[in-house]
Structure formats: structure tokens, C-alpha cells
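Below is one structure; the comments refer to it alone.
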Amino acid sequence: MRVWIVFLMCLAGHAMAAPEADVGANPVQIEIGEFDEAIEVPEEDVVSDNPCLNHHCKKGKVCEVDEENTPMCVCQDPSTCPAAEGEFEHVCGTDNKTYDTSCQFFATKCTLEGTKKGHKLHLDYIGPCKFIEPCMDTELNEFPLRMRDWLKNVLVTLYERDEDNNLLTEKQKLRVKKIYENEKRLQAGEHSLDLLAHDFEKNYNMYIFPVHWQFGLLDQHPFDGYLTHTELSPLRAPLIPMEHCTTRFFDQCDADGDKYIALEEWASCFGIKEQDVDKDLII
């Protein structure tokens, strides 16, 4: 949980091509749970006669008891969601509709469960729906250059801030330490695409672990070696308003079109060589 909060703060601080727009502030203002379409982190147990207080439902559902006082999860009525306190709470669905809050979005998605429309509806990005410029082929080729550099810098930032091992594991810190201490490391900042391309070729080994780390961070619900649309949401949702090639890039990563991105497909998208794809780096 804490890793994602700091990670999204790094997103705002190391935005790959962030325009001078207010969308850059959105990621750090949205609770991390807003991205999760499948699992809600339970609060501490509360002793009570009300069985619903200890029964937790996924986003879009609320707990009710039946005639036998047995708790059950049912779809929340979207009209019962609290009103947004500001535009930063708005979210855009893949139906290109702006929802007042993520609560309203997930409640609506729940009511559509079992339908074709509900199956296709996902959280697209944070903020009101807006026109996203088409991603040209030349821009798509540039995207991984900035993305790789950004992932490396985010990891280094987490390493610098990780005083109590809540952001990175010991094994991860050992990997990042080698990157952090390498004098040839390209420092964070605005760099030309030519320089990013040259650095990737010259210091290729520095980028292998960050690409694997990001995959492992996203592959959580469940941890099965594949990324679904839902698992990609924590990365996609804040990124789309700042990088208009985000959607096309991730669609391209799904090389076989099966709606799942395997580690091999993910690594290939970032230019990692087949012989360097290593599941043991998902630590």
C-alpha cells in the first residue's frame, strides 16, 4: 500500500512528459484503493453484533444481511455514493463517460456484472474524460525510451527514501543499490530521446531489473505471471492524461491479443532481450 502511494508521488515528480496541466496532481490525491477493481483492503476488526462490520466487500459492493442475519455483498446503488468534493475525484471510464467519483464508477460497473457492457467497462484514467490525441507510430516508438528511464528513476527514489524497508525488500534494495552507486547512471531530468536511446544501449543492464520490478508490482490480484487490465490500472490511470501513447503502448504489449500480458511480452515491449527475461527477478 505505502509503496504505491510513494510510487504515485514519484510519478508526479518524475513525469515522463507531463504537460503544464492540473492532471499531474491527480495521482497523489486519489486513494490507492480507487484503482482496485477486485480487492479492498480490510480495516481492523471491530467487535460488534452487526456481522457486516467484519464482512468486507470489493469496490462497488456493500454489505447487507439476509433473513438469517448472514452478511452478503450486493451492488451499491450509485446514487448513494458521496458527491465529489472536487474535480480531482472525477474518473473516466472506458465507455468515455465521466463519473463523479470512483465510488459511482465501481457501483455502476457492479450493476452491469454479467453483461457485455459490464465486461468491457473498466477504469480508464483519473480525471474527467477529455480528448486524447491519437498516438502516432513515431511517438509510440519514443514511449518506452522515457518509460524505462522513468522506472529506473522511480526505483532509485524509493531506495533513497526507504529507511524502514517498507518500500523495497532487502533483495530489491540490493539490486537497486548497484544502479544507485553506478557512476555511469543517467541522472533524473529532462533528456533528449537520442541521449535516452544511447544510454539504454550503453547501460542496458541498469534497465533490466526496473522493468521486472514494475511487472511484479502490478501482478498482484492474483500473482500469476500475467497482467490484466485491472492490474494495469494503478499505472495506466494516472499516466494516460500525461502520456497519450499509454493505451496504445499497453495494447501493443499484448502481442497475442489474449487480454493478458505475460512477463515475456512485457519485457519485449521495453526492449529487454529474450535471454534476459528472468522470473527470479520478480522479487
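Just so you know, the numbers here start at 1 and follow the chain as drawn.
Just so it is clear, glycine is given a Cβ too, placed from its N, Cα and C backbone atoms.
So that you can see what the record holds, here are the features copied from TrEMBL:
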type	residues	note
DISULFID	C52-C63	disulfide bond
DISULFID	C57-C73	disulfide bond
DISULFID	C75-C110	disulfide bond
DISULFID	C81-C103	disulfide bond
DISULFID	C92-C129	disulfide bond
DISULFID	C135-C245	disulfide bond
DISULFID	C253-C269	disulfide bond
DOMAIN	74-131	domain 'Kazal-like'
SIGNAL	1-17	signal peptide
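For C73 (disulfide bond), the nearest neighbour among the listed disulfide-bonded residues (C52, C63, C129, C135, C253), judged by C-alpha distance, is C63.
Across the disulfide-bonded residues listed here (C75, C110), the residue whose Cβ sits among the most other Cβ atoms within 10 Å is C110. When the CA atoms are compared, the disulfide-bonded residues lying within 10 A of C63 (disulfide bond) are C57, C75, out of the candidates C57, C75, C110, C245. Cα of C245 (disulfide bond) to Cα of C253 (disulfide bond): a distance of 12 Å. On a Cα basis, C57 (disulfide bond) lies 13 Å away from C103 (disulfide bond). When the alpha carbons of C75 (disulfide bond) and C135 (disulfide bond) are compared, the span between them is 37 angstrom. Closest in space to C110 (disulfide bond), of the disulfide-bonded residues given as C52, C81, C92, C135, is C81, taking the CA atom of each residue. C57 (disulfide bond) sits 38 Å from C135 (disulfide bond), counting Cα to Cα. Closest to C52 (disulfide bond) by Cα-Cα distance, out of the disulfide-bonded residues C92, C129, C135, is C92.
For the pair C135 (disulfide bond) and C253 (disulfide bond), the C-alpha distance works out to 15 angstrom.
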